[in-house]
Amino acid sequence: MKILGLVTEYNPFHNGHRYHLEQSKEITKATHTVAVMSGNFLQRGEPAMVHKWERAKMAVKSGVDLIIELPTSYACATAELFAYGAITLLHRLGSVDCLCFGSEIGNVSPLLQIAEVLSTPTSRFQEVLREHVNLGGTFPVARSMALLKYLEETKEYDVASLREISDALKSPNNILGIEYLKSLKKLNSPIVPYTISRKSADYHSKDITDSSIASATAIREHLLKENHLKGIASVVPKDTLDILAHSVGIGMAPIFATDFQQILLALLRRSTPENLKNIFDVEEGLENRIYHCAHQASTLNELYEAIKSKRYTRTRIQRILMHLLLNITKKDIFYFNDHGGPQYARILAFNDKGREILQSFKSTSSIPMVSNLKNYTPQNSAADRMLAIDIRATNLYTLAFTDEKRGGALMDYRTSPFYENSKD
């Protein structure tokens, strides 16, 4: 058995994801696949368009063997923490052999070079980084500029190599890949990394063309504007389309950030700058800007646009407001990191091969496998606190269901993992 690990959101599972799955299995020669997938809230500070069990079901029906949930506290975090949470989870399972992620560059070597520098920064690199941060831009841009300057100074790279590294630092999936590699190094993990080029659609593309591949962003944008599934039929597997149609039909999808608009504005207007200061990723006096803008804006979009700046991107603002909604504080994140990251592996969906993987994990995993919360007792305070955030996230997410009968709390206790029986 050779187990391939994937880090995913599947929002929703589309043809590009299926291509990534098939190519990853081919280049790694893996026999089994496990995907760590975000739950009901995602890394860009948005809710998933359909709940986590249905997205896991889409993936298993399209060939992923096992889906494990990335705890909410990491799923909604910065690229660095998102990657750390996901890689730590795969590492702690004990028998994952390799990792394959999509990237714009399609070559793991330059990403490994960058990860090496960022993982063990010299005093000179830190000095150059401070210089660029003080110029006032966003941290990712400052870090990219500092890295290029530092590498030029070392004179260890030719012009072509520097150009390749420069290009790598401009693309979101490359940056996320670098964070995966940093986490593997930090954990001294035996998991072997691979990458493949993303096929066709750009990560941020908002258009669905005649191609069979479209970005998840384009699919969500289409559903938000057109409010029908017909236009996405060519870019998602049939199972994804059927599951989406069912969820839409019973009032459980699609879910968008605007569904939480009134809740968020209410929370902000009853908060104080002192309260906001405790929310994770709020720093440098940003709480005052958020507080002021919340009393001027009447929609979420107005709020995002009012708060964002050259230093604080819209995506970062979206994440911060999601942390507020879910009450994820700085103390929470520091506490979880101090206790080694994810404390359990929650099973969302699996097939017969997934069952074989779970059997393997029984003897290798350093964290408990959780299939039914009714039968799970957190083994320590970190697990208890982490699980409380996961449950809170689902309880709030279900408030966006248009069928009020389905919006009750404790869905985490009432929903079992999906099992795909190959004999059916």
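Even glycines carry a Cβ here, placed using N, Cα and C.
For Phe13 (ATP binding site), the count of additional Cβ atoms within 10 Å of its Cβ stands at 32 [all protein chains shown]. Summarising the annotation, Swiss-Prot assigns ATP binding site to 7-20, Gly102, Asn173, Arg198 and lists sequence analysis as the type of evidence.
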Which three-state DSSP class does Tyr19 (ATP binding site) fall into?
-> helix
Across Tyr10, Tyr19, listed as binding-site residues, the smallest other-CB tally within 10 A is for Tyr19
The number of other Cβ atoms within 10 Å of the Cβ of Val7 (ATP binding site), counted over all protein chains shown, is 24
May I ask you to report the DSSP-based helix, strand or coil state of Val7 (ATP binding site)?
-> strand
Look up Phe13 (ATP binding site) in the DSSP assignment and report helix, strand or coil.
-> coil
What is the total of other Cβ atoms whose distance to the Cβ of Gly16 (ATP binding site) is within 10 Å?
-> 23
